[in-house]
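Trainee: What TrEMBL shows for this protein is this:
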- Glu424: active site, proton acceptor (ACT_SITE)
- Thr138, Gly177: FAD binding site (BINDING)
- 18-132: domain 'Acyl-coenzyme A oxidase N-terminal' (DOMAIN)
- 278-439: domain 'Acyl-CoA oxidase C-alpha1' (DOMAIN)
- 480-656: domain 'Acyl-CoA oxidase C-terminal' (DOMAIN)
Amino acid sequence: MEALDYHAEERRKAEFNLDEMKIVWAGSRRNYELSDRVARLVASDPVFRKDNRTMLTRKDLFKDTLRKAAHAWKRIIDLRLSEEEANMLRSYVDQPAFTDLHWGMFIPAIKGQGTSEQHEKWLPMAYKMQIIGCYAQTELGHGSNVQGLETTATFDPQTDEFDLHSPTLTSSKWWPGGLGKVSTHAVVYARLITGGQDHGVHGFIVQLRGLDDHLPLPGITVGDIGMKFGSGAYNSMDNGLLRFDHVRIPRNQMLMRVSQVTREGKFVQSDVPRQLVYGTMVYVRQTIVSDASCALARAVCIATRYSAVRRQFGSQNGGPEIQVIDYKTQQSRLFPLLASAYAFRFVGEWLKWLYTDVTQRLQANDFSTLPEAHACTAGLKSMTTSVTADAIEECRKLCGGHGYLSNSGLPELFAVYIPTCTYEGDNVVLLLQVARFLMKTVSQLGSGKKPVGTTAYMGRAEHLMQCRCEVEMAQDWLKPSTILEAFEARAVRMSIACAKSLGKFSNPEDGFAELSPDLVEVAIAHCQLIVVSKFLEKLQQDIPGKGVKRQLEILCNVYALHLLHKHLGDFVATGCITPNQGALANEQLRLLYAQVRPNAIALVDAFNYTDHYLGSILGCYDGNVYQKLYQEAWKDPLNDTVVPDGYLEYLRPILKQHIRTARL
Ligand SMILES: CCCCCCCCCCCCCCCCCCCCCC(=O)SCCNC(=O)CCNC(=O)[C@H](O)C(C)(C)COP(=O)(O)OP(=O)(O)OC[C@H]1O[C@@H](n2cnc3c(N)ncnc32)[C@H](O)[C@@H]1OP(=O)(O)O
Ligand SMILES: Cc1cc2nc3c(=O)[nH]c(=O)nc-3n(C[C@H](O)[C@H](O)[C@H](O)COP(=O)(O)OP(=O)(O)OC[C@H]3O[C@@H](n4cnc5c(N)ncnc54)[C@H](O)[C@@H]3O)c2cc1C
């Protein structure tokens, strides 16, 4: 018997080859096949069950996380999974764990900031997980201001050791994931002091717990910082606190690629730029952009499938009501998010390429592209995570009341996702870094230094400052060059206007602080331009499959024109377009929504998410939402008994009193 599929009719409407779109989404046929295999592996394994997660106590949730991590590691070894497949497995298991920090930050920090001898000593143990590490940078008193960290590492030439110390309460390490209960080691960021002189913040490998008994080593106080936002969600992670009371480590445990301390206690700064101490953050910000597209796609998949099942109003002659996905308001809220998921996917692919390129250059001691890599990773991390966090909440609202049920999957997805706006750099702080980079680029425009990479458009500032948009009819907005020029002109005009305003301040730092809200807007305009331009570049590629490229063109136009509509004030105020051209863009946007509509379900099917990964009744593949909601309600522990616990103590006395009062 054929399986029931409430979306069958929707799926028949699709105007493109779904299998080919799945490959575009995955990045290649090989990626698609690997990811499909790993997703099924996870979905079919009872140890990776997660539907009861929000009901578990913190202790049970944590133990469940340890169990899943151990099982994942066993699967990785037994099946000889590659690092790429192991990472896919990590992401489909979908439960934040100490392993994220071990693989995602501890190992990269040693790789990026350690010497080859340090690699040889530490990496083999870390790869085999004979030691487990975390990234201990943030303190109770300082997170964003890394230069303000207070932990000290004082060199003692007598013993050839560093003395690690937490001099104040605010110097306690606070937040590192995996630190609270699991890590045996950490890369600790501390102020390096030699001969009484402070050389700023550097990384040190420090053992925290015994490898036999897991007890904290002498001088170390360590524990978990407590419950976080939401149930389930990020509470599977042991974010920790850590204090040092004069803990001794050998000199060769300072990560010495960027600077060294000699046996005599002499501080030596190599040719490698100091900023490489921040290198691990660049790496992780890049991975966060790719993850943003996954989280966004997941929320959009749930909201789209449910919007096709849900019906409200408009029944004619006793016929069915209207599917809520057919309301223009629903489309104008949902389809830009669908388009953003694709846009972030492609910009994530490009950022991965950029990061690989910069890493290869760094290995060859070419540091020229580091500022650009920092600006791109910081800006895109900030923009994509802010949009995704807001989008998950919007998807919850798009699902009406049922979106608020835990089993819609959206509340936990929101709770687990929102800290990405803060960790790995607060999003506003990161946008201000981008703005600094842009202001520097503008200030060098007259100097003959040609802007390159993502700021190359600034080299055409003269043209972009005075060009006029040529749109006369709605369909003129479908021309890629028209869209691109409008976004470039807006970004360059906003940058130059801000640079001019900054010039009015006698102290540039005062000006930067005063104008920071405007500078944030400038950075956003630049980041949006990057995403639009990378989507357009993607469309230049040969994309096989019936109708696939056409759908992507539609989504690209939706992405660009919805941004134009949302930020119309910027585009009109900078004179890039007229109010009438803005209205034409909006008209075109409505036409595009109508083109997305028949393909919506297939466009979310292309993410190839299993029901296990989605973890949502509203988003289940077959759309059998009502029956599943009804069945699920009965599984709630409150329904284990017909009469609730507490009835005799608390309800009955009130009810009886009510009867007595009524009799009076
Ligand atoms: C079993 C499974 C197996 C699986 C196996 C599978 C294997 C694969 C597994 C993969 C798993 C992945 C999962 C990951 C999960 C991650 C979870 C993450 C959790 C969260 C972690 C964290 O949360 S961890 C802490 C992050 N904490 C920040 O994020 C602090 C922000 N705060 C700053 O980042 C700085 O403090 C701030 C503001 C720049 C000011 O820096 P500052 O004070 O120095 O001041 P300035 O602004 O003056 O900067 C001076 C000059 O440095 C330049 N510059 C600045 N940064 C730069 C940089 N990064 N690179 C280059 N250049 C940089 C700047 O552009 C200036 O350049 P110029 O002088 O030329 O203008
Ligand atoms: C779930 C989670 C996991 C984490 N994991 C780790 C980890 O593994 N390792 C680790 O070391 N750290 C970790 N962190 C810490 C995290 O990196 C920091 O919290 C983050 O960098 C933000 O710093 P902060 O907390 O100091 O925020 P603050 O800087 O105190 O931010 C507070 C407010 O001030 C504003 N602000 C700050 N500076 C400026 C400025 N210059 N201009 C304008 N506005 C400003 C911010 O925009 C924000 O609104 C984690 C945090 C969380 C929430």
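Backbone N, Cα and C atoms are what each Cβ position is placed from, and that goes for glycine too.
No curator has checked TrEMBL annotations; they are predicted automatically.
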Trainee: To what whole number does the mean pLDDT across the domain 'Acyl-coenzyme A oxidase N-terminal' (18-132) round?
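Mentor: In the predicted model, the domain 'Acyl-coenzyme A oxidase N-terminal' (18-132) has a mean pLDDT of 97.
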Trainee: Can you tell which of Thr138, Gly177, Glu424 has the least company, meaning the fewest other C-beta atoms within 10 angstroms of its C-beta, among these recorded positions?
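Mentor: Ranked by other Cβ atoms within 10 Å, the recorded positions Thr138, Gly177, Glu424 bottom out at Thr138.
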Trainee: To the nearest whole angstrom, what is the C-alpha distance linking Thr138 (FAD binding site) and the residue listed as 'active site, proton acceptor'?
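Mentor: Each residue's Cα considered, Thr138 (FAD binding site) and the residue listed as 'active site, proton acceptor' end up 10 Å apart.
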Trainee: Measuring Cα to Cα, how many Å separate Gly177 (FAD binding site) from Glu424 (active site, proton acceptor)?
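Mentor: On Cα coordinates alone, these residues lie 12 Å apart.
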Trainee: Could you tell me which three-state DSSP class Thr138 (FAD binding site) falls into?
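Mentor: Once the DSSP labels are grouped into three classes, Thr138 (FAD binding site) ends up as coil.
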